[in-house]
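J.: Have a look at this one.
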Amino acid sequence: MSFDIAKYPTLALVDSTQELRLLPKESLPKLCDELRRYLLDSVSRSSGHFASGLGTVELTVALHYVYNTPFDQLIWDVGHQAYPHKILTGRRDKIGTIRQKGGLHPFPWRGESEYDVLSVGHSSTSISAGIGIAVAAEKEGKNRRTVCVIGDGAITAGMAFEAMNHAGDIRPDMLVVLNDNEMSISENVGALNNHLAQLLSGKLYSSLREGGKKVFSGVPPIKELLKRTEEHIKGMVVPGTLFEELGFNYIGPVDGHDVLGLITTLKNMRDLKGPQFLHIMTKKGRGYEPAEKDPITFHAVPKFDPSSGCLPKSSGGLPSYSKIFGDWLCETAAKDNKLMAITPAMREGSGMVEFSRKFPDRYFDVAIAEQHAVTFAAGLAIGGYKPIVAIYSTFLQRAYDQVLHDVAIQKLPVLFAIDRAGIVGADGQTHQGAFDLSYLRCIPEMVIMTPSDENECRQMLYTGYHYNDGPSAVRYPRGNAVGVELTPLEKLPIGKGIVKRRGEKLAILNFGTLMPDAAKVAESLNATLVDMRFVKPLDEALILEMAASHEALVTVEENAIMGGAGSGVNEVLMAHRKPVPVLNIGLPDFFIPQGTQEEMRAELGLDAAGMEAKIKAWLA
């Protein structure tokens, strides 16, 4: 979309933060209004993360107005809320390409702009990185300031508290801004806090505070009285005790939609020494009523008509794999009251909404706490229950030690339902489920299954749920199922694949949901096609049979080739001294960028045409 200067006259004056800082303060509320409307206009046309950015417009304007970015370093946690930041930092006219192949990255990305200090996508990393950046800036000695913006969801993760605990110890000069969009505060309390925040962050108060500490440092009772008086004044209206105890100077909560008030407070806090904490209250979806009322639905949106106030309904076609999992979960829970389901803040994405409503006493959303989720599941298993951890492939990485140390070593029967395995599409490098087979396959006695369709997915979930000799995992992709008939649930024989088609000379060993394309290739090349089903334990007898009866083997998986299922096949052949040629097809040794799943599979040669071309070139 082209930028309409007439529609956004103030925003038209701002294509960089230098231009932003030339505007008079009085024009900033109008700029915020135009920025919010432009965000609505552009994202509704292109798709993308939506509600979070609407809530951070004033904060973004205020931060770039007060701080000398990019010299001063601004770090966004996760990045869902950073669209206004991108618009104000030279990417205004490209915002319509966000999350598209070759377009703007969906999150702040160091390779895209000097304003993007930290590449992000996963949560709760900003404060840790910010401390390191602040320490480096202090050693550099150029008076460079550091600001981290983190949301109320991300700050609940243990990593954020580990970082704040460290900051309180080494006391770097930095500001943490908590963007709190979960609570609401009355106008009176909000006004009082705004006024108090400006007083408490001002130079006069800060100098008196430090001076008082020095004067009365030798008089412990008076020093303690002053401390308690300050805490009492703050405690009447603010919930900052925790952050103060961690060593931060806490200011807030303040109205995050009052751009002029934010500027005053930020200017006051900019030159304060030590770790500072500003708590702002915002409304997710601010300025677009449907998103304000339902911020979860409008968190990330497809293309839609803003005038309709609703998102387009799905076509009513095939169910997603997440839906298949959710239905199986409810079906199984109705028959077994030992089932417990756990998610780290991904209820909607993992297909668990219905389960959470039907079985609230057996549903646990542990927030953004993947490590805790896995060890919590271990505890449930020790207590005699049957825990299922529903988690995205990319987020399971964050709990690897817990899988290994707290579950696998103890041979606990925890089932991992790994969603978004393989290529996920528009979220790019940080969210591709490229590595789970590689990092799980090396764990002793772990059972790993890769369904080729939705019926196999259900059977594998059932098999894993009833496997009691240790942990098991079923990995399935983002997107819709293929439309096969769902048969009654039954346990699969562990570690056994099945031959789907008999051919000559070439055998294709398929792992997972690339099966439809692999089947087309097998038909075209008259190759044998095997649905391996299990990555661990591998069906060694079937692999050796294929090696003995064919001239060459091809393995197919939507996982990194290095350490993946194909590597496992290679290991089996080498261990048995079977020098048959093997071509491993999978994800290459680089981080897969954004694009639709179809676009990226075609580019990487993981669709039928690409696979066939690779095989023919290899055989030539």
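All residue numbers here begin at 1 and follow the chain in the order shown.
Cβ coordinates are placed from backbone N, Cα and C, and glycine is handled just like the others.
Feature table excerpt (Swiss-Prot):
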- His80, Gly121, His122, Ser123, Gly153, Ala154, Asn181, Tyr288, Glu370: thiamine diphosphate binding site (BINDING)
- Asp152, Asn181: Mg(2+) binding site (BINDING)
J.: Indicate whether Asn181 (thiamine diphosphate binding site) is helix, strand or coil by DSSP.
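T.: The residue in question, Asn181 (thiamine diphosphate binding site), is coil (DSSP, three-state).
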J.: Around Asp152 (Mg(2+) binding site), how many other C-beta atoms are within 10 angstroms of its C-beta?
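T.: Its Cβ has 16 other Cβ atoms within 10 Å.
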J.: Please report the distance from the Cα of Asn181 (thiamine diphosphate binding site) to the Cα of Asp152 (Mg(2+) binding site), rounded to the nearest angstrom.
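T.: Distance (Cα to Cα, whole Å): 7 Å.
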J.: How many whole Å apart are the CA atoms of Asp152 (Mg(2+) binding site) and His122 (thiamine diphosphate binding site)?
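T.: Per the Cα atoms, Asp152 (Mg(2+) binding site) and His122 (thiamine diphosphate binding site) stand 14 Å apart.
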J.: Report the largest Cα to Cα distance, in Å and rounded to a whole number, among the residues His80, Gly121, His122, Ser123, Gly153, Ala154, Asn181, Tyr288, Glu370 that the record lists as binding thiamine diphosphate.
T.: 32
J.: Do you know which of the binding-site residues His80, His122 has the most other C-beta atoms within 10 angstroms of its C-beta?
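T.: When each Cβ's neighbours within 10 Å are tallied, His80 leads.
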J.: I'd like to know which of these binding-site residues, Gly153, Asn181, Glu370, is least surrounded, judged by other CB atoms within 10 A.
T.: Gly153
